[in-house]
Amino acid sequence: MQAIALPEEICWLLEDAEDFLAEGLQNENLSPGAQDQRDHILRGFQQIKSRYCWDFQPQGDDLGQDGSDENLSGTHGPALASDASFWSDYQEEGIDDIIRGAQELDNVIKQGYLEKKSKDHSFFGSEWQKRWCVISRGLFLYYANEKSKQPKGTFLIKGYNVRMAPHLRKDSKKDSCFELTSQDRRSYEFTAFSPAEARDWVDQISFLLKDLSSLTIPFEEEEEEEEEDKEQEEMYNDIDGFDSARSGSQGRAMALPEPLDKEEDVYEVLPDEDDLEEDACGAHRRRVDYADYYQGLWDCHGDQPDELSFQRGDLIRILSKEYNMYGWWVGELNSIIGIVPKDYLTTAFEMEGR
């Protein structure tokens, strides 16, 4: 649906009204009735925006509007066609389930206060404005504060590149800056409260971008069916060979081996000494290949049945790196086997040269 074109003055008036309700009355001591009416009107704003495709901006894909940060001339426009598949995943949930209050979001990967660079700031306004920022479900949302009921802006992280950006500032905070850039969408610049915090934001967004680009692993059903057919064919060949041997015996009784007159020695085949280690109690046990063990860098919750969930610090045994080109390995944790994102793991043991 194309956005309905409104006169610029009406757009400004609606923006001012919404901003006053959302932020101007945020900390006011309202009666319960007035508070309910305020929330009701704000929900109406969101529903109207969703119905008429307002605030889905071609530059930045913002949902919601930070009046001091964005250019009002680009406020209203149709959603990008390239992101239609993403928004279709949330059609049943509705816009209210996507745009929630800062404390109502789920699947939060990273959140905290950042300074966001305003696209167009007033003469008296600051170029950098403090915002409560949250990464959730593939979205980057920024709020006026951590108790805000709706974001001042939202954009899709997929399709962006993230990097440290010390060139954004020339003061003492230059090493705490980072930016998200895209070829066909607007850029976003942020300043954290320390260089380490900025690097953590960059790392979290980088891993999320890799995860979004490799959500599915190609699965060739035809190859699996061919392997099953081949196994069945081999089984049938074995049975046919057994039947032909029986038919060639002309129905003779099978000759059983005669019992041994004297008992023969029975020897147990033991593994090589190189494959054994001796523990403190003197008992032998099979050697552990420490190179197969990796440690979780972050918490990872599997969204699919074949994905292995683990927490930071968990020791995971890697069974296969068959899907390495897609960014996934096959691992085992507590006797549970599943695929794990390799970028979430690090080697657990340092191997010394022998």
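Glycine too: its Cβ is placed from the backbone N, Cα and C atoms.
Summarising the annotation, Swiss-Prot assigns domain 'PH' to 107-210 and lists sequence analysis as the type of evidence.
Look at Swiss-Prot and you will find Y142 (among others) tagged as phosphotyrosine, backed by similarity to another entry.
Here Swiss-Prot flags Y236 (among others) as phosphotyrosine, drawing on similarity to another entry.
Positions annotated as phosphotyrosine by Swiss-Prot: Y267 (among others).
What Swiss-Prot records for 285-290 is region 'Interaction with FYB1', and it gives similarity to another entry as the kind of evidence.
The residues of the domain 'SH3' (289-350), classed with DSSP into helix (H, G, I), strand (E, B) and coil, number 9 helix, 28 strand, 25 coil. Sequence annotations record features per position, and here Swiss-Prot assigns domain 'SH3' to 289-350 based on sequence analysis.
Of all Cβ atoms in the protein chains displayed, 11 besides its own lie within 10 Å of the Cβ of Y290 (phosphotyrosine). For Y290 (among others), the entry in Swiss-Prot reads phosphotyrosine, with the evidence type similarity to another entry.
Taken as a whole, the domain 'SH3' (289-350) shows an average pLDDT of 84 in this prediction.
A distance of 44 Å separates the Cα atom of Y142 (phosphotyrosine) from that of Y290 (phosphotyrosine).
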